[in-house]
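Taken from TrEMBL as is:
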| type | residues | note |
| --- | --- | --- |
| BINDING | H100, R101, K116, K123, K124, E125 | substrate binding site |
| REGION | 144-177 | region 'Disordered' |
| COMPBIAS | 165-177 | compositional bias 'Basic and acidic residues' |
Amino acid sequence: MDIVDVVEDKLKVDEITDSVSSPSCGAVSIFVGTTRNNFEGKQVVRLEYEAYYPMAKKKMLEVCASIRSQWDVENIAMIHRIGVVPVKEASIVIAISSPHRKESLEAVQYAIETVKAIVPVWKKEIYADDSASWKKNKECAWGTDDVPSCGLPVKSSTKLSPDQAGDKGDTAIRDKL
């Protein structure tokens, strides 16, 4: 079973872990990415994430398929939070179960590196001095250092209707430049 989602709510690590647990598996490996309070000497007060939902989910499912082609795993969950994520709270949780620990540990490492490289999620750091900066993950294959993939700063977001988003009633955020 593959569970992927992009949500605005606080992530519940225990529930995500339970969703991949299985009686036939001896391991559940988990990665929890949290907001830290500093970056390059600046005090970070929160992160703000934006995503293009349908593409983010599609790319996360591609990561799941790639994991399954390389490791013997049973269940995979990847949940990414968007919106405001305060310091110490989770922005992403990846949980993978497997019969033995080696597979799930290697798969979780691969999953976070690949998600950061290919999933269209943008992060803005908000600092204590009220300044802000868009950040690119070092693994990211698109974009430039402090801006989203198109090379221009995001000015605002537009919510799409379910029909526009093409995602069974979920709304999506698309960058408006």
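Each residue, glycine too, has its Cβ placed from N, Cα and C.
Shown on the structure are the features that TrEMBL records.
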| residue | record | Cβ contacts under 8 Å, 6 or more apart |
| --- | --- | --- |
| H100 | substrate binding site | G26, A27, D72 |
| R101 | substrate binding site | G26, A27, S29 |
| E125 | substrate binding site | F39, K42, V44, L47, A132, S133, K135 |
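Across the annotated binding residues for substrate (H100, R101, K116, K123, K124, E125), the two most widely spaced Cα atoms sit 38 Å apart.
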